[in-house]
Amino acid sequence: MALRHPAMDLEGWNRGNPIKKESWRTVLILAYQSLGVVYGDLSTSPLYVYKSTFAEDIQHSESNEEIYGVLSFVFWTLTLIPLLKYVFIVLRADDNGEGGTFALYSLLCRHARVSTLPNCQLADEELSEYKKVGDKSPGSSLKSTLEKHRVLQRVLLVLALIGTCMVIGDGVLTPAISVFSAVSGLELSMSKEHHQYVEVPVTCIILVFLFALQHYGTHRLGFLFAPIVIAWLACISTIGVYNIIHWNPHVYKALSPYYMYKFLKKTQRGGWMSLGGILLCITGSEAMFADLGHFSQLSIKIAFTFVVYPALILAYMGQAAYLSKHHIIENYYHIGFYVSVPEPIRWPVLALAVLAAVVGSQAIITGTFSIIKQCSALGCFPRVKIVHTSANIHGQIYIPEINWTLMVLCLAVTIGFRNTKHISNAAGLAVITVMLVTTCLMSLVIVLCWRRNVFIALCFILFFGSIEALYFSASLIKFLDGAWVPIALSFIFLVIMHVWHYGTVKKYEFDVQNKVSINWLLSLGPNLGIVRVRGVGLIHTELVSGIPAMFSHFVTNLPAFHQVLIFLCIKSVPVPHVRPEERFLVGRIGPKAYRIYRCIARYGYRDIHKDDVEFEKDLIFSIAEFIRSEQPDCNIEDDERMTVVGTSSTNAEGDKMREGDGENSSELEETFELREIMPPKKPRKRVKFLLPESPKIGASAREEMQELMEARESGLAFIMGHCYVRAKSGSSLIKRVVINLGYDFLRRNSRGPTYALGVPHASTLEVGMIYHV
């Protein structure tokens, strides 16, 4: 999710010209906006950290060693993980301005051939954002090891998927614990008997309201986010300063690491287990890296270092100062946030806390939408409906199926546990697992992408990995007390992702093994009496070379196809964005007279797929531009040679498109008309190809382009394969279950190709075929 200044183009942020410096005004505006987007979750952690830490494992005694030890742990955890690890190191590992678990995986896929995308091409490595490392780099031996061993590549993919699944689990748990903790302030204003019947229903109502508003998009209420978080940070830091001055001005001494030693020495096993609660102080830190694509490194660093970090430290110190003078141990829920708030302002602070919790929950929900989109683009998640809620900000999306699934799971967790102790145990494990995955992937990035010595990578993973492993062990030990939830959720999503990816790869392998040769195509006419009908036939295929078996199945049963035939492959490449001028790869299949073309549309994992009207216009234009730029004496009879062609908006020369009102089209002699599909109530527009009066365009090219336009005017038909994937006879029981049940169910319930969703049914032809994989 992202907020932005109207004059800024965040979609082009840090891409194409990464050296360009942004003005300080722009950086400060981004830093201000990031407070409401990136730090909503992290800023609400003081609501539940102390309460979760003292929930069961340790007690607050009059010596204050426990509270001082917890404060010391919180301070150094915030300093080492978010500040040192993320702000100063991880944020530099951006993928052309994009961040997150899949951004790291994408970087590794480009610097070593470990990508599991089945239809990769050498031409993809020529993309502007596709940067590789040389074989003589310090990590060349590690690179060759990863490329040789298929098992290591699968481990790397599973590692990235585990991190992704835990982020989805965090999307379930964070709204629950944030809103629940905010509403828990009611416990100090009513009796325990009444409180237990009010807290859960109120939390559920707020959560339903939160998820029900998702389809409106964050840009409609986005201007409120940053002020709410700023007001919240100002509130908790002011209360913290008041408590420090009023109750214990010497609490700053607890920041010494010595108090961590005293804490563990006194509490021993109970103190180690309580680390799962302390861990929650860094909940939301991963958002700094995940939302990097919508802001800039400098803006995120400024916002955290100068605003969020000091405010959180003051808030935790203030709570510790208050608790050090109030030894209430009979009710653990009194060791929370609201007890340290001065009584006259508790109700306003409660209202502000609920708003801040909603903002923090909004951030992780939208982040979950974004990571699902990335997984789907890279073939690791079934296709789902993606709604772009903002015409200007590419990161703001809404996925209905995921939204309602998250809501149901979130309500189930809230109603099932009915307290913050178990929810915090679950959230802690999800948070620390994502951080461990990031640490592991970063160690590889340091060697393969940054070309640093392996020793530096080992130091990184040993230092931060040991800290996170300590917290991970403390969270995992509470498996039966709620920590099983993220594991169960991650296992379910991991199975879905793995089944979909496995089935997709197997289906592609079947297509590759059963594709037909060009010689077969050349012999179609005399053998079958093929009839060429008017119009354009658009055949969707996942192959980047050869002719799919689906087409041969179609032709042998119905020996006719269109006068212009286009084999279209829409593929994802392991980069965040593909520039419009590099969008299409266009080639020819067979002789020119056959009028058969191959067009590969390439998209990054964060790119927006255009609607069917715009995409169709760009597709026809790319074919026309290919014909215009082709050498006159070229008569290619193989489809291995492809030409990079941009979209209609990126070509300043050559064929041009002009939109008119459709009243008079006789202005130029060489004008080819292309009608654009428009709603009935709107005036019909026409898109015209204007051939430049240049001797470079030969008569055969003009004739071919004329035929292309005439075919387009006759109509465009979409020919799609409707495949039934089945396991081969003799396959193992596991494979039969995965393919015949799991993958078949996911495929039947997933969305079709994006461009085909708006195509009229009368223009669509489905060819059924059974795949034995």
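Glycine residues also receive a Cβ, built from the backbone N, Cα and C atoms like all the rest.
Sequence annotations record features per position, and here TrEMBL assigns domain 'K+ potassium transporter integral membrane' to 30-522. Here TrEMBL flags 535-772 as domain 'K+ potassium transporter C-terminal'. The annotation transmembrane segment is assigned in TrEMBL to 67-88, 155-177, 197-216, 223-245, 270-290, 302-322, 347-372, 393-417, 423-448, 455-477, 483-500.
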As a test of reading the model: what is the averaged pLDDT for the domain 'K+ potassium transporter C-terminal' (535-772)?
72
Report, as numbers and ranges, which residues of the same chain sit near the transmembrane segment (223-245): CB under 8 Å and 6 or more residues beyond its ends.
3, 32-33, 35-37, 39-40, 43-44, 46, 251-252, 307-308, 310-312, 314-319, 321-322, 340-342, 349, 352-353, 355-356, 359, 362
Can at least 3 Cβ pairs under 8 A be found between the transmembrane segment (67-88) and the transmembrane segment (302-322), with each pair 6 or more apart in sequence?
yes
Winner by Cβ pairs under 8 Å against the transmembrane segment (483-500), considering only 155-177, 197-216, 423-448, 455-477:
155-177
Residues sitting near the transmembrane segment (455-477): Cβ under 8 Å, six or more positions beyond its termini, same chain?
77, 80-81, 85, 89, 272-276, 278-279, 425, 428-429, 432-433, 435-436, 439-440, 442-444, 446-447, 483
With Cβ-Cβ distances below 8 Å as the criterion, list the same-chain residues six or more beyond the ends of the transmembrane segment (423-448) that contact it, or say none.
48, 52, 55, 81, 85, 89-90, 93, 101, 104-105, 107-108, 111-112, 133, 137-139, 142-143, 156, 159-160, 162-163, 166-167, 169-170, 173-174, 176-177, 180, 276-277, 279-280, 282-283, 285-286, 289, 413-414, 417, 454, 456-458, 460-461, 464-465, 468-469, 471-472, 475-476, 478, 481-487, 490
